[in-house]
Amino acid sequence: MQQSFTYPNGLPFLKMHGLGNDFVIIDARAEESPLTPELARAIGERHFGVGYDQLVVLTSAGDADAAMVFWNSDGSLSNACGNATRCIAQLLMDEAGQEEITLRSGNGLLQALRGADGRISVNMGHPQLSWQDVPLAQDEDLISLPIDGSPGAAGMGNPHCVFVVDDLASVDLEAQGAAIESHPLFPEKTNVEFIQVLDRSTIRQRTFERGAGVTLACGSGACAVAVVAHRKGLTERKVRIELDGGVLDIDWRADGVWMTGATQLVFSGVLAPEFLEASL
Ligand SMILES: N[C@H](CCC[C@H](N)C(=O)O)C(=O)O
């Protein structure tokens with residue numbers, strides 16, 4: 001799709017990660033920076049571009065400190081990205097010298113706080129549990145899924161399908177994740193989490209993300225995992241989730257599902273005008 005917009009001076013960006021779930025951040029609060037799916041995909045190329053799991057476009061918001069639009073590396077959009085939300089919160093808190101920030105996402109207003117240990121907590125909101133809200137296709141059923149492991153589904157502004165397994169080492173994450181991501185049970189596709197419950201307060205999680213594939217961590221996924229595991233009677237409402245890239249602490253409280261974890265600014269750069277021109 002030809003884009004009338006041009007970037008004669010290139011396009012500045014930041015690179016951040018939350019537990020190895022990595023992000024390109026484009027700050028469009030002062031100046032419009034429209035993206036196309038083609039450009040988002042080109043920036044996400046790990047060899048020909050910058051590479052990311054998600055790209056976040058920051059814009060100004062009347063009712064929040066900023067608004068976020070989330071792109072997956074396949075060029076699709078998502079209403080939620082927990083780890084990126086934590087990274088944006090750190091960025092804006094550092095910029096403003098604040099310890100609390102409000103961010104607007106496709107899943108509503110999210111409150112973020114910085115703890116004494118420097119980790120960022122975000123209230124990711126209430127889970128969506130009805131089949132219409134996850135969403136699931138009405139005429140299918142979770143048991144129709146071609147994988148054992150007592151599946152559960154929950155939405156956190158984005159859909160998640162969670163499988164509880166006895167041994168994560170037995171899971172073919174790429175193949176089984178891809179099969180579920182596009183299963184007809186999920187009209188908007190789904191993120192896929194495989195978990196092993198270590199005790200009532202500890203879960204090991206591996207993730208195949210919608211639109212991004214295997215990632216080292218998934219924040220909204222960890223929230224959905226905590227909700228599904230608790231509803232199955234396997235864990236408390238407060239759990240520590242061990243992901244490939246690190247640890248998230250999840251607390252499903254009366255006011256929403258709180259997620260706490262580390263964030264890291266890695267580098268800043270500028271996408272070259274000729275790269276952008278070739279990718280639009
Ligand atoms: N792939 C997800 C978005 C990013 C989720 C993940 N990176 C997180 O930290 O929540 C989706 O399409 O719903």
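Cβ atoms here come from the backbone N, Cα and C positions, even for glycine.
No curator has checked TrEMBL annotations; they are predicted automatically.
Within its own chain, C81 (active site) has F23, Q54, V56, M68, F70, S105, N158, G219, S220 as residues 6 or more apart in sequence whose C-beta sits under 8 angstroms from its own. According to TrEMBL, the feature active site maps to C81.
Feature annotation from TrEMBL assigns active site, proton donor to C81. The secondary structure of C81 (active site), as reduced to three states from DSSP, is coil rather than helix or strand.
Residues or ranges marked as active site, proton acceptor in TrEMBL: C218. In this structure, C218 (active site, proton acceptor) belongs to neither helix nor strand by DSSP; it is coil. In the structure as shown, the Cβ atom of C218 (active site, proton acceptor) sits within 10 Å of 36 other Cβ atoms.
Secondary structure at N72 (substrate binding site), taken from DSSP and collapsed to helix, strand or coil, is strand. Here TrEMBL flags N21, Q54, N72, G82, N83, N158, N191, E209, R210, G219, S220 as substrate binding site.
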*So how many other Cβ atoms are close to S220 (substrate binding site), meaning within 10 Å of its Cβ?*
34
*In the same chain, outside N21, Q54, N72, G82, N83, N158, N191, E209, R210, G219, S220, whose C-beta lies within 8 angstroms of the Cβ mean position for the substrate site?*
D53, F70, S78, A80, C81, A84, A212, T215, C218, G221
_Close in space, distant in sequence - N83 (substrate binding site), Cβ under 8 Å, 6 or more apart_ = H17, G18, L19, N21, F23, A217, C218, G219, G261, T263
